[in-house]
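Accompanying notes for the structure given below.
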Amino acid sequence: MVSEKVMDLVGKGLMLPLMEEFYTIQGEGYHKGTAAYFIRVGGCDVGCHWCDVKESWNAETHPPTAIERIIDNASKYSNIIVITGGEPLTWDMGPLTSGLKNKNLQIHIETSGAYPLTGKWDWICLSPKKNKLPKNKIYALANELKIIVYNKHDFIFAEEQAAQVSEDCILYLQPEWSVRDKMVPEIVDYVMKNPKWKVSLQTHKYLNIP
Ligand SMILES: C[S@@+](CC[C@H](N)C(=O)[O-])C[C@H]1O[C@@H](n2cnc3c(N)ncnc32)[C@H](O)[C@@H]1O
Ligand SMILES: Nc1nc2[nH]cc(C(=O)O)c2c(=O)[nH]1
Ligand code: SF4
Ligand SMILES: [Mg+2]
């Protein structure tokens, strides 16, 4: 049983349900290949059927953790911190990101954008999902748009989403992992015909690292 006091602190973003923290190489998108410290916050109700971290969904299975502890740990490893989940914007990211900023760290987010944007970010990777579309305000602020391609309809969805981001937002198509053999050739073909897009692969899965 989580006490009312803890629930109140979680509500204020002063504690967060922490699933895991790990130092690795950013595998995806613009910063792929760069060492980064990942903070995975539990809780997500977007419900992507192919999600590769379904264990993150139920916030109650991840211990509410004081953000000071998260910040102290993070600053030991890298000056690039990636906040992911779960869906990090389920929670108020303000206190965590200002604490990390006070340590002069670069703070990146991986988000579906399904909830209002909180926190201050150096890099926003927006990965919209059809079943819970991003809130309007995040489109203009996204630095990269990363569309997961599970079937051919996702190319249409990708274009609809690309029409809403800023001109300098970098556009990525990333194969859904379980159908990569089928979708990689489709993505390669699409990117050659539509070169405003780039390919993103989950390179950490090929490298066998977290
Ligand atoms: C697990 S999500 C967590 C952050 C946030 N909920 C989101 O979806 O952006 C991290 C990234 O992995 C991507 N992803 C999740 N499952 C995937 C899969 N099976 N294949 C390819 N990418 C996947 C998501 O689209 C997102 O860009
Ligand atoms: N190495 C590595 N890179 C990643 N980029 C985004 C990830 C995520 O799950 O948010 C991820 C991840 O889980 N591992
Ligand atoms: S939004 Fe992200 S964490 Fe949530 S189900 Fe989809 S891929 Fe998984
Ligand atoms: Mg991942």
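Start at 1 and count along the chain as shown; that gives each residue its number.
Placed from the backbone N, Cα and C atoms, the Cβ positions cover glycine too.
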One of G13, G86, G94 listed by TrEMBL as binding S-adenosyl-L-methionine at the site of W50, C51, D52, S127, P128, K129:
G86
Which of these, R40, R69, does TrEMBL say binds substrate at the same site as I25, Q26, G27, T84, P210?
R40
I want to verify one value. Collapsing DSSP to three states, which class is K129 (S-adenosyl-L-methionine binding site)?
strand
Entry from the binding-site residues list I25, C48, C51 having the most other CB atoms no farther than 10 A:
C48
G27, G86, P128, P210: which of these binding-site residues has the sparsest Cβ neighbourhood within 10 Å?
P210
For a quick check of packing: other C-beta atoms within 10 Å of the C-beta of Q26 (substrate binding site), how many?
21
